[in-house]
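Database features, via Swiss-Prot:
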{"type": "ACT_SITE", "residues": "H36", "note": "active site"}
{"type": "BINDING", "residues": "Y39, K80, D470, G507", "note": "ATP binding site"}
{"type": "BINDING", "residues": "E82", "note": "Mg(2+) 1 binding site"}
{"type": "BINDING", "residues": "S83, H84, N85, H86, R105, Q226, E294, T295, Q296, S510", "note": "substrate binding site"}
{"type": "ACT_SITE", "residues": "H84", "note": "active site, proton acceptor"}
{"type": "BINDING", "residues": "D106, D252", "note": "Mg(2+) 2 binding site"}
Amino acid sequence: MGLNLLPIEMDDIRKRLDREPNEIEWRVIDAVWSEHCSYKSSKIFLKSFSIDSPNVIMGIKDWQDAGAVDIGDGWAIVIKVESHNHPSAIDPFNGAATGVGGIIRDIISKGAKPIALMDMIRVGNLKIRKNVWLLKNIIAGIAAYGNSIGVPVVGGELSFDDTYNDNPLVDVAAIGIVRKDKIKPSIVDKAGLKLVLAGLTGIDGLGGASFASRKLSGEDEIGAVQIADPFAGKIILDITLEIADKVEAIKDLGGGGLAVAVTEMANGLGAIVDIEKIPLRVKNMNPADVIISETQERMLYAVEEKNVEEVCKAFEEYEYPCSVIGEITSEPIIKFRYFGKDLVSLPTNALLEPPKFLWPIKNVRKNVEEKNVDLPLESTIYTVLSHPDLVSKEWVYSQFDYEVNTSTVVKPGDANGAVVSLPNGKLLAIKADGNPDLCSEDAYECGKGIVAEAYRNLATVGARGMVAVDHLQFGDPKKPEVYYTFVEAIRGIGEATRFFNIPIVGGKVSFYNENSQGKPIKPTPLIVMAGLVQGKLLKNRVEDSSYVVLLGYTRKELGGSLLSKIFKVPSQAPKVRLQEDLLSSEVVIDAINEEKITFAKDISRGGLAASLFNIIVHGYGVEISTKSILSDTDNVVENLFSESSGRFVILTNEPEWIVEKSRSKGIVASIIGKVNKKTSILTIDNTDYDLKTIVNNYFNFLEEVIGNG
């Protein structure tokens, strides 16, 4: 049967049923109990993310399709993050496009209107042509769906590493807006509701949930990848929002198809589904395939019988298939019938409560012997600043219609966080952050670090983080070293979100990101954080003669840094000091509201040098004195490329105000230099470094490699 179930799981369900499941039931169990759908190796840890917050309307403990938080004035935002990693490795265009479609349907399943998308893409070395092909088609897929459906892509991440040569990661986050009293659940609480299915069911995406719950074998069928139809997706979006008041619950048909959607929507009650009533794209489909098909652009609604006609009429106006396929029952049994014959009859609770697993762990935290860095400064600057992770992503953003719906306030690339306007007049900032290199060194510090970095990035536009979702991407959890990094990353994320009092209201776990030889990717947890602008919004601008102020203390912590990655520098990973991140962020927000700064950049990937380079690409020069840097090392390379947390580079005409404000908060700040008109020149301790070639690389790299690839 090609099942992914473990022998212990098969024995467990036999005992619970006191019988042998039939072949179709095995396929249903395989889908519902898949790691992709059940979180059987992770759910016990995810509960630690739950934070009681008065703003949370729908959180992680509710375990619904998306999280929701109150933003005031009767409004709520809905937020979700998802991935389509395995499908994108096989068919990058449709894999990425259907990832966008799926997350949009998760947002509208709450009755919310999607207002923003973010994409976080990680691929392998671009010297390998396959990776160029993957990236180009991933971007094309995201653009094709997002542009067609009318939801702007407002930001994201793009990074490169050999670890993703066979396993690209394609993450998509979405934000929606809804009146808080109009939020729809994905589950029901009473029997008698009719199950209404919108959309055609085909043979694409068969076994997709199971496919996503194992490593890539090199022999996977492209049939496991769903086919995107953005125009149908637009119809689903518009009509779902139109009929939301007429339905009791809404659920996207994602992983596991109807098998999972019906089971989860029943929420401990039961359901009867008549397979012959399901509209098909392909004639004479096998009933078992109909149950687990993951054809896109389908939604399941639980509807009072009196409203069924009105709901389906809305779809009929667009000639979009809509059919009553069953109903919710009081008997806690999930039944799929075919012309009156039960093909599947399984207890709801048995399906919803798979065996949970705690796998062995092996401590892989590295103890590194510190050595003095002895690298030539000039070539080190040129090499690090030329790295693809640091180049402009403008070519990528240009593929997206990021201004559709006119809610985008800060266009992608113009700041460290995306900013969109809300119906209540407030501004919402959004940022995604991950750091797989740091996670490879110390997953616990990495977990703290990505939360802190997202928080700092929001501060640079004047926002304070208020809600987050996480995406945890790892290899095979049964491997002790993989499971250890997973558990440690969760520990770090949980500690940081509790410190900042930022509830995680949802997320995703993606295991089995391995190549055909069983080599896992670097641990890649991701945080997407959103927060309201607290007063004034900062749109970065560079002015001649502005003072360069370094906010925060620099430490010789190069482990997991871009410098360490390129030059194999042995060093300890940074210790994330959350109090410093919080206080330095407060200084930045205060300075923005007092209009004391014109530019703010958190120091992260590439260290201080990369942040200074971010000023230079605006058409200016920068001169600094490394002797002014407050640090525990006098090594110039270490000071320039350390990625210690809690730091910012800011531009101001009132540097003493910044220093005094920082001192009042208990944070160090130092005036390290000035901006000048020496275009593309970085002056360090009175020595000029001409970065003109690096600046050209910054603006043209992606178009030259991908656009012409």
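Please read every residue number as a count from 1 along the shown chain.
Just so it is clear, glycine is given a Cβ too, placed from its N, Cα and C backbone atoms.
Since the structure is predicted, the reported quantities are computational estimates derived from the model, not experimental observations.
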Rounded to a whole angstrom, what is the C-alpha distance between G507 (ATP binding site) and D252 (Mg(2+) 2 binding site)? 16
So which recorded positions are near D106 (Mg(2+) 2 binding site), with CA atoms within 10 Å, out of H36, Y39, K80, N85, Q296? K80
Just give me the nearest neighbour of N85 (substrate binding site) among the recorded positions H36, D252, D470, Cα to Cα. H36
According to DSSP, folded down to helix, strand and coil, what is N85 (substrate binding site)? helix
Let me make sure I understand the structure: which of the binding-site residues listed (D252, D470) has the fewest other Cβ atoms within 10 A of its Cβ? D252
Substrate binding residues S83, H84, N85, H86, R105, Q226, E294, T295, Q296, S510: largest Cα-Cα distance, in Å and rounded to whole number: 21
Length of the line joining the Cα atoms of Y39 (ATP binding site) and E294 (substrate binding site), in Å: 19
Out of the binding-site residues D252, Q296, D470, give me the one sitting nearest to E82 (Mg(2+) 1 binding site) by CA distance. D470
Among Y39, K80, D470, G507, listed as contacts of ATP, what is the widest Cα spread in Å, to the nearest whole number? 16
Compared by Cα position, which of the recorded positions K80, H84, D252, D470 is the closest one to E294 (substrate binding site)? D252
Out of H36, R105, Q296, D470, which of these recorded positions is nearest H84 (active site, proton acceptor) by C-alpha distance? H36
Shortest C-alpha distance to R105 (substrate binding site) - which of the recorded positions H36, K80, D252, D470: D252
